[in-house]
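Annotated in TrEMBL:
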BINDING   48, 54  NADP(+) binding site
BINDING   125, 126, 127, 238, 239, 278, 293, 294, 295, 296, 297, 319  FMN binding site
């Protein structure tokens with residue numbers, strides 16, 4: 001079975017290519033009775049959409065969701081939910097010259113080696129266009145988690161190339177195209193991206209996503225660890241080359257007395273673990289960060305070979321993001337929400353009638 005599906009009790013299968021007639025997904029395992037309307041998908045899909053800023057791809061898609069199944073009279077029925085979005089702004093002619101060339105840093109070569117054929121138009125199946133359906137599925141998971149458990153999943157851009165936030169406010173995140181948490185720095189980011197685009201180059205980024213209100217107990221102790229499944233889900237996003245949970249790789253330089261999250265009757269005193277211990281949620285905010293590589297779709301020539309093994313220089317035309325991390329925040333939110341909903345359903349199935357005798361420790365710690 002090719003890996004186009006993920007999840008255990010809540011499963012999501014996506015399909016479609018960047019320049020095909022449509023993209024879509026099937027969400028199976030959503031409990032019945034959740035109110036759902038096609039208009040509810042618009043907000044997060046527009047947060048992910050390109051063409052709204054000079055710092056992202058100029059491709060403009062309407063991203064209007066068609067609900068094909070699983071919803072009756074505005075409520076989920078418990079049967080598979082089918083969603084479809086039609087592609088309307090493809091420009092496949094931009095890829096004619098590179099159809100027989102392997103773009104350095106792209107999946108062209110690896111897809112060719114695996115399948116013996118590839119769709120070169122916009123990257124085909126390997127395009128980030130596929131993540132549109134992850135965001136759509138994540139809308140359902142976010143709503144269910146919020147209504148059922150009061151869980152809130154949100155993210156922000158925590159680094160753009162060498163630039164780090166000088167301050168933090170959640171209210172600032174949704175007020176700029178970068179999802180940046182410090183409003184006063186937005187002009188600096190714009191200048192940086194303008195200079196980058198003028199040079200024809202690209203840059204990497206870091207996104208941080210946080211889930212507040214996750215009850216303690218979600219997750220499995222060994223092979224279904226909550227942090228392990230989060231890492232796998234987040235790593236599956238296009239261009240992600242690293243995932244950290246909590247302090248992540250910074251723990252290498254920490255001492256045990258610094259890293260351990262001390263506990264007091266009024267709550268945890270820190271959250272270096274990122275809300276997960278032993279693969280199971282502690283009740284603290286769950287924190288994950290993702291490293292996005294710089295896109296390899298550049299107008300600057302680069303050495304490669306063609307399908308006949310001949311040396312060529314490749315220049316990628318078309319419409320591309322100079323920093324893929326800028327639009328990735330809602331994608332990361334969606335993947336975290338889908339993993340959490342799946343884990344919630346699994347926990348309920350196995351331990352729904354378990355009454356813990358452990359004292360309740362408030363979440364506390366930094367998100």
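Just so you know, glycine gets a Cβ as well, placed from its N, Cα and C.
Listed in sequence order, 16, 17, 18, 111, 119 are the same-chain residues six or more apart from residue 125 (FMN binding site) with CB atoms under 8 A from its CB. In terms of C-alpha distance, the listed binding-site residues 127, 293, 295 place 127 closest to residue 48 (NADP(+) binding site). Residue 48 (NADP(+) binding site) counts 22 other C-beta atoms within 10 Å of its own C-beta, drawing on all protein chains shown.
Secondary structure from DSSP puts residue 295 (FMN binding site) in coil.
When secondary structure is read from DSSP and collapsed to three states, residue 125 (FMN binding site) falls in the helix class.
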